[in-house]
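S.K.: Here it is, the structure, as structure tokens.
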Amino acid sequence: MMENSTTEARNEATMHLDEMTVEEALITMNKEDQQVPLAVQKAIPQLTKVIKKTIAQYKKGGRLIYIGAGTSGRLGVLDAAECVPTFNTDPHEIIGIIAGGQHAMTMAVEGAEDHKKLAEEDLKNIDLTSKDVVIGIAASGKTPYVIGGLTFANTIGATTVSISCNEHAVISEIAQYPVEVKVGPEVLTGSTRLKSGTAQKLILNMISTITMVGVGKVYDNLMIDVKATNQKLIDRSVRIIQEICAITYDEAMALYQVSEHDVKVATVMGMCGISKEEATRRLLNNGDIVKRAIRDRQP
């Protein structure tokens, strides 16, 4: 149990925040924010274990599920939503659950975070399985909703991860893979949407991005599995094909159209000079990983 919560402590550097000029306040806030990536850096050993396990479970058909309340919950929903266009994931593969439901994304839902049972019900509603990875996010490390979610996930046999911004957090005792990032007291006392929220966003960026790299949705540093939902992303898709295959934009567009807007298939077609059907077969035989499919010379 936590005896002292640093996320609720007063920050000595901002005791006179209300007396600072705008520029002084900005300089102070920026200086405090600079501590965040350094704090996250210290958690890389733990995050490495989390991501390796997440990759393994994802390859087995498991899902990545974020669960949290308030700012923590919103950040989980945001990261999950961004994975759909970025990595062409199914909306049901990476899920963000927030206490109080979708209404809580824009409005405070009073008391939602205080109910452990509510998290259990939310996880039951998505048919949680032992293959899934549940990441409980709570700056304080003691949010009842997150405690309830992680506890229930453990009973199902799911992989459980906790992300908190306090040492000796309650959720760290529940999760199989605890991650604690000490960002120190907030600029505005107790406002964990600030440094704590920034740390959580950086961590979720790492988890989702590196996991997707690990399951073959990235070629070099390109979004090879991008889902083109607008003109900007269509253009990006074509330029990715153009870049990898070293061809003209028009040639890349032709491949993109023949492949029925599948960047992976189009890339293998262009690199190997083969048909859509053959490119699809090679990807299927090589775990949907483009570099392996390109190297595959089997008839």
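Glycine is no exception: its Cβ is also placed from the backbone N, Cα and C atoms.
Per Swiss-Prot, the feature active site, proton donor maps to GLU82. The active site feature in Swiss-Prot is assigned to GLU113; the stated evidence is sequence analysis. Residues annotated as domain 'SIS' in Swiss-Prot, with sequence analysis given as evidence: 54-217.
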S.K.: Using DSSP with the three-state reduction, classify GLU82 (active site, proton donor) as helix, strand or coil.
M.R.: helix
S.K.: Cα of the residue listed as 'active site' to Cα of GLU82 (active site, proton donor): how many Å, rounded?
M.R.: 24
S.K.: Please identify which of GLU82, GLU113 has the densest Cβ environment, defined as other Cβ atoms within 10 Å, among these active-site residues.
M.R.: GLU113
